[in-house]
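Enquirer: Supplied in structure tokens, the structure appears directly below.
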Amino acid sequence: VKGLTMCYAVILVTFYSAAVSGYWVFGNKSNSNILKSLLPDSGPTLAPTWVLGLAVIFVLLQLFAIGLVYSQVAYEVMEKKSADVKQGMFSKRNLIPRLILRTIYMIFCGFLAAMLPFFGDINGVVGAVGFIPLDFVLPNDSYTTKHTSLQNHP
């Protein structure tokens, strides 16, 4: 319960503080993408260069994490077909094809995402469908299931 409370507190503070402060600063003209708000189409940038650089780094870190989580199924399918189970997971025979296949897959996904003009909307839907259950429903359900199973079995 303490861990769940801490996770929810961190999510609440980080996401809602950014949302509230962004709306406070930009009002109705705030964008769903923070970089679009800080880099308007006309006029100067609204933040120092180091803040914009830090924002880009954080966006890339988030995208890498999302790519790792949502691509695990594709990686599993690719590696079942390309790996030799008799050799170790980190042997040259398995490591090199894994790196090549994962790199090609991420380049393909990035290229496809760059081609879609409505990628932000798709990203929002996928985030809502994927992250809300993972962040809020699954941990609570896991705790409840474990807690009730411990009560039923003395």
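Any Cβ shown, glycine's included, is placed from N, Cα and C.
Whatever TrEMBL says is automated annotation, not expert-curated.
As listed in TrEMBL for this protein:
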| type | residues | note |
| --- | --- | --- |
| DOMAIN | 3-140 | domain 'Amino acid transporter transmembrane' |
| TRANSMEM | 7-26 | transmembrane segment |
| TRANSMEM | 46-70 | transmembrane segment |
| TRANSMEM | 99-119 | transmembrane segment |
Enquirer: What residues in the same chain, six or more past the boundaries of the transmembrane segment (46-70), come closer than 8 Å to it by Cβ-Cβ distance?
Expert: 34-35, 37-40, 106, 109, 126, 130
Enquirer: Are there residues at least 6 beyond the ends of the transmembrane segment (7-26) whose Cβ is under 8 Å from a Cβ of it, and what are they?
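Expert: Residues 34, 37, 135-136, 139 contact the transmembrane segment (7-26) from elsewhere in the chain.
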Enquirer: What are the DSSP helix, strand and coil residue counts for the domain 'Amino acid transporter transmembrane' (3-140)?
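Expert: Tallied per class, the domain 'Amino acid transporter transmembrane' (3-140) gives 111 helix, 0 strand, 27 coil.
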